[in-house]
Amino acid sequence: MPKRLDINTILVIGSGPIVIGQAAEFDYSGTQACQSLKEEGYKVILVNSNPATIMTDTATADKVYIEPLTLEFVSRIIRKERPDAILPTLGGQTGLNMAVELAKSGVLDECGVEILGTKLSAIEQAEDRDLFRTLMQDLNEPTPPSEIIHNLDEAYGFVNEIGYPVIVRPAFTLGGTGGGICHNEEELIEIVTSGLKHSPVTQCLLEKSIAGCKEIEYEVMRDSNDNAIVVCNMENIDPVGVHTGDSIVVAPSQTLSDREYQMLRNTSLRIIRALGIEGGCNVQLALDPYSFQYYVIEVNPRVSRSSALASKATGYPIAKLAAKIAVGLTLDEIVNPVTQKTYACFEPALDYVVSKIPRWPFDKFESANRTLGTQMKATGEVMSIGRNLEESLLKAVRSLELGIYHLELDHLKELDKETMKKRIIKADDERLFIVAEAIRQGVTKEEINEWCEMDFFFLQKVENIVNMEREVKANVGNMEVLQIAKEMGFSDHYIAAAWNKTEREIYDMRKENNMMPVFKMVDTCAAEFESATPYYYSTYADENESIVTDRKSVVVLGSGPIRIGQGVEFDYATVHSVWAIKEAGYEAIIINNNPETVSTDFSISDKLYFEPLTIEDVMHIIDLEKPEGVIVQFGGQTAINLAAKLEEHGVKILGTSLEDLDRAEDRDKFEAALTKLGIPQPVGKTATTVEQAVAIAEEIGYPVLVRPSYVLGGRAMEIVYRQEELLHYMKNAVKVHADHPVLIDRYMVGKEIEVDAISDGENVFIPGIMEHIERAGVHSGDSIGVYPPQSLSEKLKEQIIEHTIALGKGLNIVGLLNIQFVVFKDQVYVIEVNPRASRTVPFLSKITGVPMANVATKVILGQDLVEQGYGTGYHPEEKEVYVKAPVFSFAKLRSVDTTLGPEMKSTGEVMGKDLTLEKALYKGLVASGINIPTHGSVIITVADKDKEEAMEIAKRFHEIGYNLLATAGTAQSLEEQNIPVQVVNKIDSEDYNLLDIIRQGKAQFVINTLTKGKQPARDGFRIRRESVENGVACLTSLDTTRAILRVLESMTFSAHSMKEITQTKRHEVVHA
């Protein structure tokens, strides 16, 4: 059936900010979909609240709205634009839930808008646990024994009948939010309560636990003609019981017999047909390892994380084709863009193995519960490709950016058998490493299988790796052993340590012996047809398929997996850089390993290498391609950290030189540069021992800011208020020695300002200055940023511009730089300079219309700013106000403290824009998920140091009609100021207390500031966690609270009695 001609305008709904469970994969799918629809000649309108994406670039759609994804704002856009149809299935769970809400509100009928792709009835049938279960029964498809529940009593009824353990799956939620496995009554109460709270329809499915079965996924496509194909099937190495987003996954499945494969394939196709899904769909199944009994777990009637993985694993662009199917095209009409010869109805075939390993945020949140279950905790993932599973797995391990080069972790070597058993049974983020350690220590595969039901095939592969380690150690210098180790994916780093040589020596040894990898193409058809994709992976085999052209080329290093501190913003910069390289006439080559992102879409660059970002893997590509140079500025800290080693190998670093990069990163050199330029900075020194640290802190005076040098996202950064906290930090957070010094700075309580600039060495151009709402001390990534600055005097602005220009020239920056200033007592100090793209680049690029990464890349390639139409100075400010608000994923990470400080905790960001600061703030806060009711109750419990400041805030809350609740200490201070307050019991009280109020939803806001430094102030911690678990906005910064008050005050009509008004007037007359 040809494409539909009865519709012209399509509204695409994006997925909003990055949170755990919904990351960069929707930037990739949304971008593909918009381009795909434009190719077909439709007018595309996009709404999304996330400014950090390629998707929200003005070029992606005909009209782009960066607005909150709420019923209020999306309805407004529909009424204004009057689209013929909406396409929600590419916006993740957010998009689906929005479609359901829009349909129920009546706005789609009112405006005559239809839902494209998967129909509303199919979405509801797949997402509503009750409807789905009924459909499976009609199809005779087995599901685990289960019960739909709406309250705790119903849950007890089911458990009494079936027994523990049971799995709780909330309806219409993302990444298993609120769900989990219950082994006893205590867990049942906690998880069911949380699940019902997180489900927008207050519904959970309780099912008998089938943990231990194999978890298999099928990624399926269907069109309106009922053509249906399997794009890819995948197998979780972790059995059922761990969320698929937290599982290590391989494609294609490795342990299924042909009969099992066909049986599950037929089931998947039968389900997608019964649901009537048009587009992409993900089916999750459980298979009993000892029989042919299987169960259907769930269906995602949309493009998902798994479909991004399947697209990158096969080269088959699911989202692009799903968009074409949505407008009526069929699979047998669409040409496969990879082969450009076959049609999209050919099922992809793989002649390699793909591994995906999740990237968790536990390096940031040491206190988080690391146990994995049905609620997802990973922020991102890496993917790798190899010719055998061992190679594929080891490449994925070294892609994780955790400083790991092999399937072993030093700290696990001390574990005894009992501890290993416990951790393997319970499953945490290190389980695969513990399995390898257990095998090293002689535990049998049979025992491990008994503990965790991981398939023998996978255990055998881990054992093969361990056996090879022994071979490597026993045969130092043996070239045959080296060859086999390399074919299994062993890194030079590991072999060098085993052979007591340097990594470079092993690399050179292989080069002399012609032991270098070749590059194979990902072509969707196992080389059956000729293919046009420039998409490659390395392996040790015979024929090299990556043909080097005679064009001049430039390599861009990507930023690896999405994690806190290094999000999709860096991918945005990478993609823009690649486009600029192509515009400048060079061949653009990208190296990256994140399957979720736009940068790893093979249509973006001239060549894509899907490889780990380690010196060895990058050098293999550079040796083959011999580029003009490498750009490291856009890949975050990942790429910057490779610069020195690349230069040692004789590779040219384009842009800011290594020496100048080091001058901005190395404390002493940076101080010297600032002194020379006459730019002030907070007093600070470097310590290489604990004693030195104590002495420096005494000399500077507390509070001090402590951090290791060379970090991203404020990792292990803290503000400490006294000596015992400093000693606690030195002992627990960092291992200080001469190579890893600790920086100690005077902590200045001032206004923080952030600037992004582009320098060509002569000229420095400043697209924008941003002011942070939270004072210095809250990480810039967790602060609310405002552009243009609202409270900076012209004099201070000029100081900031002068310092920025001086730093750009003085540090010889070529390309981008990001500077953080603090304004303290009317004086501007520099906190830090990052000689690279920062996380604010996409935000400022969109607002100012200056494509910063693009301009910077052209500067790096030799085209100065004046040639590009920019000069030195500050870009004229926009009239509207723009707010960048952080988004957190605390609900997914139990036992993480939500207090904001110098260590970054947010996973994503949203933008609000309007004519006034209050309106822009309102949009930003609402888009970030904070509910802003105009009346209600606010609980105030603040540290003594904040009491005075909190009084003014409490008074303003009272004036707009809020009830104030406080514990005795804070209440007394309020009463002294004649502010009405209701005293509530502290949390250790047996009676009705503060936590009960939060649990019962009787408070709209909780204001809670951290008492003293970091030693766990348990009460405060429990208050903050309880707020998160119950969806109550918990404000840990008084600056954020003030921002919310501004919004509330602007929404509230003032109500003063006539007497008050006349008294004021009389007062004025007297003065006249």
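Keep in mind that glycine also has a Cβ here, set from the backbone N, Cα and C atoms.
Among Arg707, Arg722, the residue that Swiss-Prot places alongside Arg746, Glu752, Gly777, Val778, His779, Ser780, Gln820, Glu832 at the ATP 2 binding site is Arg707.
Summary of the site annotation: Swiss-Prot records ATP 1 binding at Arg169, Gly175, Gly176, Lys208, Ile210, Glu215, Gly241, Val242, His243, Gln284, Glu298. Screening the candidates Arg129, Arg359, Arg370 against this entry identifies Arg129 as the one listed for that site. Asn300 (Mg(2+) 2 binding site) has Gln284 nearby among the binding-site residues Gly175, Gln284, Glu752, Gln820, Glu832, Asn834, counting only those with a Cα within 10 angstroms of its own Cα. Note on Val778 (ATP 2 binding site): other Cβ atoms within 10 Å of its Cβ, all shown chains, come to 27. Annotated pair Gly175 (ATP 1 binding site) and Arg707 (ATP 2 binding site), C-alpha to C-alpha distance, rounded: 33 Å. A Cα-Cα distance of 42 Å separates Glu215 (ATP 1 binding site) from Arg707 (ATP 2 binding site). The average pLDDT computed for the domain 'ATP-grasp 1' (133-327) is 93. If you take the C-beta of Gln284 (ATP 1 binding site) and look for same-chain residues 6 or more apart in sequence within under 8 angstroms, you find Glu215, Ile216, Glu217, Thr244, Val296, Ile297, Glu298, Val299, Asn300.
When the neighbouring Cβ atoms lying within 10 Å are counted for each of the binding-site residues (Arg129, Lys208, Arg707), the highest count belongs to Arg129. If you take the Cα of Ser780 (ATP 2 binding site) and the Cα of Gln820 (Mn(2+) 3 binding site), they are about 8 angstrom apart, rounded to a whole number. Just so you know, the Cβ of Gln820 (Mn(2+) 3 binding site) picks up 19 other Cβ atoms within 10 Å once every protein chain is counted. It is 41 Å from the Cα atom of Val778 (ATP 2 binding site) to that of Arg129 (ATP 1 binding site).
It is 15 Å from the Cα atom of Glu752 (ATP 2 binding site) to that of Asn834 (Mn(2+) 4 binding site). In the three-state DSSP classification, Arg129 (ATP 1 binding site) falls within a helix.
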